[in-house]
Amino acid sequence: MEIKRTYTGHLLGVTLSVAFINFALSSFFIEKLKQPIYQNILSDGIIILLAGFLGMHLALKHNLPLWWRRIKDISLFKQFISITSLGLIMIISNSIIYYYHLSVNENSIASIPWLQFSNMKEIILLSLRAGITEEIVFRLFIFTFAVSTVRKIIHRDDFSIVIGIIISALSFVLLHGGFNIVIFIYGIILAYIYLKNGLVPAIIVHFLSDAIPWAILFYLNK
């Protein structure tokens, strides 16, 4: 019970943090996306609380990680190198993809409202918002829900993990505009990072894989 209270406190803190991020992005949402700020604060808050509480319950029930998991059979340094290596794969490939689209057709980026940044603050905050909310939804909730459902039907832990990774990756790619093999692979990588290391490393990798390519894009377009 004490553990659940602790994690509940963490989740409430995350919800308030995302609300603050949305508030700090008020001008971006109003001017670029034509969205009222309360809409994002409310929708993100509801999504994080519902997906977070359900995911937290399922993760604790099925011995899946929450914020951080220490891999006991390897050193902390090797665990860090593993996370960093997977993160670099996403960051470098995503940067190349954005650069390619920009070099082929400058208007392909200009036509996307989400990528109309005015400064680095917007890039950092939007990347952080995406990393937190999407990892809570796709890894903490959808992945754990899929694992829980499969285990009830088939009673095989290894198979349930594979299905959970695939379903969370498919859900992730569909949110980003339809099936794309690169984004599907990113979803698999992020699910693997979450499974082995917890939600915080997955959030950090997700954040950097958005922030760094977007920053490069921003300075190339200056």
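Every residue, even glycine, has its Cβ placed from backbone N, Cα and C.
These come from TrEMBL:
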TRANSMEM  7-29  transmembrane segment
TRANSMEM  41-60  transmembrane segment
TRANSMEM  80-100  transmembrane segment
DOMAIN    122-211  domain 'CAAX prenyl protease 2/Lysostaphin resistance protein A-like'
TRANSMEM  136-154  transmembrane segment
TRANSMEM  161-194  transmembrane segment
TRANSMEM  200-220  transmembrane segment
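Each residue in the domain 'CAAX prenyl protease 2/Lysostaphin resistance protein A-like' (122-211) gets a DSSP state, and the totals come to 82 helix, 0 strand, 8 coil.
The stretch with the most CB contacts under 8 Å to the transmembrane segment (161-194), chosen from 41-60, 136-154, 200-220, is 136-154.
In the predicted model, the domain 'CAAX prenyl protease 2/Lysostaphin resistance protein A-like' (122-211) has a mean pLDDT of 92. Long-range Cβ contacts of the transmembrane segment (200-220) within its own chain (Cβ-Cβ under 8 Å, at least 6 residues beyond either end) map to 67-68, 83, 86-87, 90-91, 94-95, 97-99, 102, 109, 115, 117, 120, 123-124, 126-128, 130-132, 134-135, 139, 186, 189-190, 193-194.
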